[in-house]
Structure formats: structure tokens, C-alpha cells
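Here is the structure we will look at.
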Amino acid sequence: MKRSNSIAVMLVLVLSSLMLLLPVEGQGHEGHGVGEILLMGKLGAPVCGVRASGRVCPDGYCCSQWGYCGTTEEYCGKGCQSQCDYNRCGKEFGGKECHDELCCSQYGWCGNSDGHCGEGCQSQCSYWRCGKDFGGRLCTEDMCCSQYGWCGLTDDHCEDGCQSQCDLPTLLPSPLRRIIAIRKLKANLANMLS
């Protein structure tokens, strides 16, 4: 009898844990269910603001309307609760430059996409750029320079038309390059959080 009770209790615990990960329409952060939010709070973005008794984010992070810390427009834009100008830059923000070598877009947001570093970029516009159109500039951190002059580790950067630093990453299979890129991003994020 004790054994069947133990199994039943264990089954209930396992099933209830799985149910926490099911998305709940209209609840949580960006369509995530409550269980996902709890997981994100533990493994991902720290909680902040009203839902966390007024706790603020680590330096450099905005507290979103949902009560999570981050650096993108989703966190620092509409509904942001505190530290909302971290990922902002440019003339409308007193000439503030972006952190971590990111480009300042024409709209005053920090990032490294073509929308940030391309036409209209306000400052630090060439960090993610490379190649013949940028004075032969090489990429940092062992990244390839794509045919279009962007630094990265994807097939688009390291294969057809790659301008420089193409050899080492192309010796690695594509999934491994993605893993390396993800690890570098995680390391950068960990450095920002510490």
C-alpha cells in the first residue's frame, strides 16, 4: 500500500510540474505560461518591479512592464517600469553611446543588426562591420567577415563570399559554429550581469 501511495504522489508531482510549463493564453510575459515564467525567472531574466516588491534590475537592465529584466525594446520600451533608458542612445539621450560596442540606431536604440548599424546609425556604427567597404577592417573574437561586410559565425558569414577570417570557423561543422556563437553570447551576457 505504501509503495502505491508513493508512486501516486510522485505521478501527481511530475504531472503538476509538466502542467506549469503549458502556455496560458493572456497570462504571463509575451505569451509564456506561468510555469515558463517561473523557469525564466530562475534561468533567464531576473524578476523586478511591482511583481518583485519593487526590486530593480542589475545595472544596465530595464524592468519591463511584465516585471522581467532585459535590454531590448520589449523590456526598455512601452510600459517599462524602471531603468528604462539603458538601451537608449544618441542625440535624444544626451549623446549617450551604447554599451558593449553596440551601434546606436537612427531611432536611439542599441543593437548590432543592419537596422542599428546601417543607414542612419548615430554612433559606434562600424564595430560589427568589416571588409573592403570598411577599410579592410577585421572582425574581433574570431568571427568571419561576410561578403556584405558583417561580422558573424553563421554559414552566411563564413562561406560563399566571405572576405576574411574564413578558415578556422569553416573547419567546424555549421551546428558547432552556432554553439560557439551561443556560448560567446552567453559569456557576454554573464559578464553584463556580474
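Glycine too: its Cβ is placed from the backbone N, Cα and C atoms.
For 1-26, the entry in Swiss-Prot reads signal peptide. Here Swiss-Prot flags 45-86 as domain 'Chitin-binding type-1 1'. According to Swiss-Prot, the disulfide bond annotation covers C48-C63, C57-C69, C62-C76, C80-C84, C89-C104, C98-C110, C103-C117, C121-C125, C130-C145, C139-C151, C144-C158, C162-C166. Per Swiss-Prot, domain 'Chitin-binding type-1 2' is recorded for 87-127. For 128-168, the entry in Swiss-Prot reads domain 'Chitin-binding type-1 3', with the evidence type sequence analysis.
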- Which disulfide-bonded residues (C98, C145, C162) fall within 10 Å of C57 (disulfide bond) by Cα distance? none
- Message: Helix, strand or coil for C110 (disulfide bond)? Use DSSP.
- Response: strand
- Item | the domain 'Chitin-binding type-1 3' (128-168): DSSP-derived helix, strand, coil residue counts | 9 helix, 9 strand, 23 coil
- Item | Neighbouring C-beta atoms (10 Å sphere around the C-beta of C63 (disulfide bond)) | 30
- Query: CA-CA, which of the disulfide-bonded residues C104, C117, C166 lies nearest C80 (disulfide bond)?
  - Reply: C104
- Note on the structure: DSSP says C103 (disulfide bond), in three-state terms, is strand
